[in-house]
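Some features that TrEMBL has for this protein:
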TRANSMEM  13-33  transmembrane segment
TRANSMEM  97-116  transmembrane segment
TRANSMEM  136-163  transmembrane segment
TRANSMEM  184-211  transmembrane segment
TRANSMEM  327-347  transmembrane segment
TRANSMEM  367-386  transmembrane segment
TRANSMEM  406-427  transmembrane segment
TRANSMEM  461-489  transmembrane segment
TRANSMEM  545-565  transmembrane segment
TRANSMEM  577-596  transmembrane segment
Amino acid sequence: MGSALLSDLGTEIVIPVCAVIGLAFSLVQWFLVSRVKVSQEHAALSMGSKNGKNGYNDYLIEEEEGINDHNVVAKCADIQNAISEGATSFLFTEYQYVGIFMVAFAILIFLFLGSVEGFSTKNQPCTYDKEKLCKPALATAIFSTVSFLLGAVTSVLSGFLGMKIATYANARTTLEARKGVGKAFITAFRSGAVMGFLLAANGLLVLYITINLFKLYYGDDWEGLFEAITGYGLGGSSMALFGRVGGGIYTKAADVGADLVGKVERNIPEDDPRNPAVIADNVGDNVGDIAGMGSDLFGSYAESSCAALVVASISSFGLTHDFTSMCYPLLISSMGIIVCLITTLFATDFFEIKAVKEIEPALKNQLIISTVLMTVGVAIVTWTCLPSSFTIFNFGAQKVVKNWQLFLCVCVGLWAGLIIGFVTEYYTSNAYSPVQDVADSCRTGAATNVIFGLALGYKSVIIPIFAIAISIFVSFTFAAMYGIAVAALGMLSTIATGLAIDAYGPISDNAGGIAEMAGMSHRIRERTDALDAAGNTTAAIGKGFAIGSAALVSLALFGAFVSRAEISTVDVLTPKVFIGLIVGAMLPYWFSAMTMKSVGSAALKMVEEVRRQFNTIPGLLEGLTKPDYATCVKISTDASIKEMIPPGALVMLTPLIVGIFFGVETLSGVLAGSLVSGVQIAISASNTGGAWDNAKKYIEAGASEHARTLGPKGSDPHKAAVIGDTIGDPLKDTSGPSLNILIKLMAVESLVFAPFFATHGGLLFKI
């Protein structure tokens, strides 16, 4: 078999060191962002600096235009505080409800898993090797509960810190835009990097520490140890579900309300301070796109690591207690942090952005550079940390695998992620024909716009699905279910860069809103709009990554579940499995219906409130009085907290109900069905919404001859585009992104409860 080049001691040093480097790098980026001041006395100092880095002199454009600078800075600071307070209070409210759920679910895990052996404290024969004795089921119950709570807390923390960073950076980006588009880009991108590295390093460090602490009790029983670790993934994803759904409903209720009344009825610009829903809309960007996205990608990361570790623990790595090879998934993530660190420097330090047209290529280069470097990184990790050949558990048998085959599995996932990212970009960026066709269809009204947009979304599913299919085939052929788990990890290995690009979008969006509300000049608003349009596309790319990785992760978890529940084959022709398959395929539709309707009903309340204020507050439209922002924030908060519970309950309870009453075969059908249909709906929903949004921006920007024939703002084609954008909002920011959590969460939950279902499940068929 041979052994790995890297010693166990080396592994124990490398993983935490990489995580700490990631944390240190995010602190450095945060420090650089914090040097932009948003208070009065510093504003005067920053004007004194001479020639700036981006080829501009650092004097402020505002000065030439004779606008009082202090006034603008003070306004920006006020608006930033309002957004930050709104986001913080919403997340605290949300976490109170989620906390209650977390405790209740932790008790459930303990009771269900403890009851497998009737709460006995005696050692039991192992699941996969009956000759050996493993720790009692009660231990797995206790440790699974602990790792569930750890995963949940880390997930909540990831989201919350991300939101704090974003609300800290938004006004700073606005103020930097006065010095040129390059400065603003660097501020927004650095802030995104803070979040990306914090999350990647945090997730790795907590998981690594947890494994080492659990090892003190489990000793040589690695099978039990890594089974207990799966709770970490479950905790991460269950919090992500509530964050995504709650945040998504919040942000879109405000967005739809603000757009419909402000733009379509009253004909005032987006983010106009006269619009009562404008603060709620900007708060929503932070709680939905940032906090939700952070928890979501953390969940994917935790689950793909758990899926790989579970399969590895019953392969030769686990049987021979080869710690370095066992930690292969964690070593890939460690390498990912270092690779992303180098990649980030390309955007912030090695190259300067001088013009608007350089923004999108800079962000795309991030993806390409990180993927190319990561390919080299994976090769290094594979050749130093794995023996030349080993065996992988494959549904009851051991399959011999060579290290180069595993290298290919990781790379297939890594490059499939890049392909999905670029296809998403092609279908959602207004630089290419698909979105321009959608914009063009607005000539004849909103109906044709909707038809074209839906068609675009369905069409955009084709290539990503082929990419996912090929990566599944290649990785499964080489290394069975372990191959699929590491392919998912490959896709997520550049998570720090992916998140930086993703968080950049909402930060730029907020910066534009603050510029508009603070009454800054038209030129500055143009710059923030350019940053925002690029951010929209990158957000769509981020969602593509999240969905692609979710498909691979849930398939790997599905394989681990089937092995753990001791199902020899999943036969579609047996009625038990087939009914599960057809019901599972229906679940994403049921879930989408719930989330869409929630956004609709919350938006309805918001529209009524905004209309009421315009009609009853004298002098509001003339800008003589301030609107009542707080009421709109309250409507969004109340609606999202109330409405996030039914979809969350649907996802969390389905595996439990199916497993207990119908047994593991039916549950395996449900998991397969929801995976197959969920991926398709998620990709098409995200891309349809993204395309409609950018079609509207394409008309508003009027950058090409074609766009100018459709504009300006307020023209009939523009109004049709706004309606399309409004329909797309809940698709791209609520239903689409939440679906990938549905697929993963049901799979990881089934895996955690597999011992219970295998022993006590299927009550209806036992009668």
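Backbone N, Cα and C atoms are what each Cβ position is placed from, and that goes for glycine too.
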Paired segments the transmembrane segment (327-347) and the transmembrane segment (13-33) in contact, 3+ CB pairs under 8 A: yes
Other parts of the chain folded back onto the transmembrane segment (367-386), taken as Cβ under 8 Å at six or more residues beyond its ends: 4-6, 11, 324-325, 327-328, 331-332, 335-336, 338-340, 342-343, 346, 403-404, 406-407, 410-411, 414-415, 417-418, 421-422, 490, 493-494, 497-498, 501, 541
Positions whose Cβ lies under 8 angstroms from the transmembrane segment (545-565), at least six residues beyond its ends: 127, 227, 230, 233, 293, 296-297, 300, 303-304, 306-308, 310-311, 314, 393, 395-396, 413, 416-417, 420-421, 464, 467-468, 471-472, 480-482, 484-485, 487-488, 491-492, 498, 664, 667-668, 671-672, 675, 679, 682-683, 686, 736-737, 739-741, 743-744, 746-748, 750-751, 754-755, 757-758
